[in-house]
Amino acid sequence: KGTIHLFRKSQRSLVGKLTHEFRLVAADRRSWKILLFGAINLICIGFLLMWCSSTNSIALTAYTYLTIFDLFSLVTCLISYWVMMKKPSPVYSFGFERFEVLAVFASTVLAQLGALFILKESAERFLEQPEIHTGRLLVGTFVALFFNLFTMLSIRNKPFAYVSEAASTSWLQEHVADLSRSICGIIPGLSSIFLPRMNPFVLIDIAGALALCITYMLIEINNYFAVDTASAIAIALMTFGTMYPMSVYSGKVLLQTTPPHVIGQLDKLLREVSTLDGVLEVRNEHFWTLGFGTLAGSVHVRIRRDANEQMVLAHVTNRLYTLVSTLTVQIFKDDWIRPTLSSVPIANNMLNLSDHHVIPMPSLKAADSPNPVTSTPAKPSSPPPEFAFNTPGKNVNPVILLNTQTRPYGMGLNHGAAPYSSVFNQGFGIPGMGATQGLRTGFTNIPGRYGTNTYGQPRP
């Protein structure tokens, strides 16, 4: 069922869709610089891989993986530009900001996989260390260092810049920060460069290049080839330690968790919302990170029946919008209903027995010898009725049905000893089903003791 389209356009393939989106990004002049750096990056990666093969250096290979990571960061920057161009659609109602989060997560995870591959190859080389040729080792080191630093400092990569600042510090940053405090204590002018913490990508580029320079000098002086494997392990560990906090942070964003640094602010705003005029309750609140720097959330607000919905909605949105940019607020009025047993008002000291029928609970256990005074089985071995598990009224609630017939009060109320099966609710019963014990409250003609009749004479 539905509209019949006679000349429907053929669906595009995946390659066609990607080509269309790439043309959309390439139409922006800001992306031309990124595309140029990407082309130069591919050329540098090709030369570095050839030099890694000719020198037989696994340390240079580990450092080349940082250049490959730069290529991933350039792709992430293109995705960031594409996200800014796209608008929310019915399928992606919150926009496309999570694509750049996914790109950062994938880039950091691939860098860690490359580091694990280097560790595996280095463990094999410890068993049989090959000879390292240093002809192009130093040249490849400086080429990779220059291009990595030039790429990081020339292009403003918004996703990675945000993650590097928001994620927790790596162990390399912490050690360098301790060393920087000591240096800045001697030379205070360097505090603007080293403190509070250095850029993790610049730091790992410099540390990797320094490890390769030490490797080159030790091989040239003593032909100590094992230092190349040790440098590769050091570069791999630094890469893994730098990328792991970023992977954790971007992974938490993909899992729609609430950032820890905004939980206190959210609690404060919710307390302010709960004190607004007309607000009774704030519940089912859920806040999560939609993208880098973007917080989304939803909340249900219960208000009084006489409150203005639009006014409360405006106040709640105004309070939460300072922190939550994408907010969904559901307002619903208080709909509780006071339970009533009768359609007519009942006095405080009067209960209309003739207007209601009470269905007595069936006997749970046959009584052996009922006591005429208490109407309970007289068994010395059994506990008192108020502590028994089968005591009527504790497990089954009475069912009260409205009776439209009106009868004079006091009709059908006879007094006397009743069997144990009919003492439910102090002896109310359906007229015509036998004598039951009367109610002691609400009637002036009913005695206040069980042992007297209606005229106040003792029962024989």
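Glycine too: its Cβ is placed from the backbone N, Cα and C atoms.
Nobody curates TrEMBL annotations by hand; they come from automatic prediction.
According to TrEMBL, the domain 'Cation efflux protein transmembrane' annotation covers 35-255. What TrEMBL lists as region 'Disordered' is 366-385. For 32-51, 63-84, 96-117, 137-155, 201-219, 225-244, the entry in TrEMBL reads transmembrane segment.
Long-range contacts of the transmembrane segment (225-244) within the same chain: residues 57-59, 61-63, 65-66, 108-109, 111-112, 114-116, 118-119, 121-122, 125-126, 129-132, 170-173, 200-201, 203-204, 207-208, 211-212, 214-215, 218-219, each at least 6 residues beyond the stretch ends and with a Cβ under 8 Å from a Cβ of the stretch.
Stretch with the most C-beta contacts under 8 angstroms to the transmembrane segment (63-84), considering only 32-51, 96-117, 137-155, 201-219: 96-117.
Long-range contacts of the transmembrane segment (201-219) within its own chain (CB-CB distance under 8 A, at least 6 residues past either end) are made by residues 57, 59-60, 62-63, 66, 132, 134, 137-138, 141-142, 144-145, 148-149, 152-153, 160, 164, 172-173, 176, 225, 227-228, 231, 234-235, 238-239, 242.
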